[in-house]
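Undergrad: What Swiss-Prot shows for this protein is this:
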type    : residues                                                         : note
BINDING : A102, Y103, S104, G105, G106, L107, D108, T109, S110, A129, G211 : ATP binding site
BINDING : Y181, S186, N217, R221, S270, S279, E355, Y367                   : L-citrulline binding site
BINDING : T213, N217, D218                                                 : L-aspartate binding site
MOD_RES : A74                                                              : N-acetylalanine
TRANSIT : 1-73                                                             : transit peptide
Amino acid sequence: MAEISATSFPSSSSSALVIRSSHNGSLKCQNVAVPKTTSQFQELSLKRSQLVGNAVVTGHVTGSRSCKNQAIRAVLSGDGTALTTDSKEAGLRGKLKKVVLAYSGGLDTSVIVPWLKENYGCEVVCFTADVGQGIKELEGLEQKAKASGASQLVVKDLTEEFVKDFIFPCLRAGAIYERKYLLGTSMARPVIAKAMVDVAAEVGADAVAHGCTGKGNDQVRFELTFFSLNPELKVVAPWREWEIQGREDAIEYAKKHNVPVPVTKKSIYSRDRNLWHLSHEGDLLEDPANEPKKDMYMMSVDPEDAPDQPEYIEIGIESGLPVALNGKALSPATLLAELNTIGGKHGIGRIDMVENRLVGMKSRGVYETPGGTILFAAVQELESLTLDRESIQVKDTLALKYAEMVYAGRWFDPLRESMDAFMEKITETTTGSVTLKLYKGSVSVTGRQSPNSLYRQDISSFEGSEIYNQADAAGFIRLYGLPMKIRAMLKKIS
């Protein structure tokens, strides 16, 4: 049996946990009853009293609960490791020099700052990406970050890069996950993670950290990007390590560490917003039978309350990418922002779906993507003029795999990059304009034109044509239907 002792060291050192296997015997230790099962480690905590029948510890022991749990693991392994809780030293998980944390300013990421310092003995640099989530989300972040213990806050405007280099390639590819989801969160994570890698290099950090839970997709999206762009960086995911189980635990931890707790009312929904979309999850949405409340939506009006008069708009497209609105050339981010306003006014782009998460479970989400819904309708419609049947079929097939890879966080995978090269080539003639009618939640195409159109009115017309001889169809039909005819003949003989 292994043992733990709580002792004190001279000078300025604080109390420490000293762990030795029982055969060592050089220290006088208090006995610990080691449980036969290891399934309840997270429920253990070094206290004076008996802990749910798993261990009995006497003597004063200091340190965070996470440190104590780690101590118990070391006891069970009997590896003779000595671990201290001196705040000047590294935490029980080992020392890191400097960590770049993806920071939102909310309760969770604010609590992560002191947790990283306590458990890894590191300096924390907070990073916030502006991907079009709104100016209110960015207000007061530097003050919050430093009050939580961060050495600095780095903010970068990634909006144009996000739209140009991440959203528009997915739009050109026609990438839609499970027939509905336009990949709003999936596309945002790699651009944020990429910027974190850049910031880590700029500030000399040896690690990055995120606040994603162990149940979601985002942890994968962040970490696959880190692996792809700098495999030397260490990755810390507190939600997979700490004992904080929810909001109340986080608030208690924040108070103990003098972290200012946000006083804003906690939303009953879990939301993610960027320039492309706004997602809603949680609360009554967790039951797929429940209808979303009208006051949940933030980017779009209820279609029933939308204007009674339709609005017509024209989208200009070059080589498969939108470049203009109503004849006016706009930057990618500006164009999308304009369409969000117009589409939201008409109740465009609401999606309610149950999707298969990458980690195996199903989840229900409601998404608002007004501008994106309009752009998908425009680009796909113009392709109907400029692409032949085989090209459309192959492109649509690859679009499914493309969407799957983006959803799974494999943005920097060579396969996605190779498919992107195909999409760029196949859409190089997709240039022209599309006119759409927006009315009470619907997007209807009313016109399309392209200098590269494969549509020929003189051929397709029911009127007489010198190019297309209708008599030619007879031979084509005989050859095209020959296998079916032979099969029918065999059935008749048998």
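Residue positions begin at 1 at the first shown residue.
Using the three backbone atoms N, Cα and C, a Cβ is placed for every residue, glycine included.
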Undergrad: Cα-Cα separation of G211 (ATP binding site) and D218 (L-aspartate binding site), in Å?
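TA: D218 (L-aspartate binding site) has its Cα 9 Å from the Cα of G211 (ATP binding site).
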Undergrad: Please list, in sequence order, the residues in the chain of S186 (L-citrulline binding site) that are at least six apart in sequence and whose C-beta is under 8 Å away from its C-beta.
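TA: Residues satisfying the criterion: Y177, N217, R221, V406, Y407, G409.
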Undergrad: Hey, what's the Cβ neighbour count for Y181 (L-citrulline binding site) at 10 Å?
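TA: By my count, 21.
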Undergrad: Enumerate same-chain residues with a sequence separation of six or more from A102 (ATP binding site) and a Cβ-Cβ distance below 8 A; give 'none' if the list is empty.
TA: T109, F127, T128, A129, I192, A193, M196, V208, A209, H210, G211, F222
Undergrad: Just to be sure I understand the packing, how many Cβ atoms besides its own are within 10 Å of the Cβ of D108 (ATP binding site)?
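TA: For D108 (ATP binding site), the count of other Cβ atoms within 10 Å is 18.
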Undergrad: Per the record, ATP is bound by A102, Y103, S104, G105, G106, L107, D108, T109, S110, A129, G211: how many Å separate the farthest pair of Cα atoms?
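TA: If we measure all Cα pairs in A102, Y103, S104, G105, G106, L107, D108, T109, S110, A129, G211, the largest is 17 Å.
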Undergrad: Measuring Cα to Cα, how far is E355 (L-citrulline binding site) from D218 (L-aspartate binding site) in Å?
TA: 15
Undergrad: Which of D218, E355 has the fewest nearby Cβ atoms, counting only those within 10 Å, among these binding-site residues?
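TA: Comparing Cβ neighbours within 10 Å for the binding-site residues D218, E355, E355 has the fewest.
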Undergrad: Taking the Cβ of each of the binding-site residues and counting other Cβ atoms inside 10 Å, which one has the highest number: S104, S110, S279?
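TA: Output for this query is S110.
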Undergrad: Using D108 (ATP binding site) as the reference point, find which of the binding-site residues Y181, D218, S270, S279 has the shortest Cα-to-Cα distance to it.
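TA: Among Y181, D218, S270, S279, S270.
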Undergrad: Which of the binding-site residues D218, S270, S279, Y367 has its Cα nearest to the Cα of G106 (ATP binding site)?
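TA: Closest recorded candidate to G106 (ATP binding site) by Cα: S270.
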Undergrad: Count the Cβ atoms, other than its own, that fall within 10 Å of the Cβ of G106 (ATP binding site), considering every protein chain shown.
TA: 15
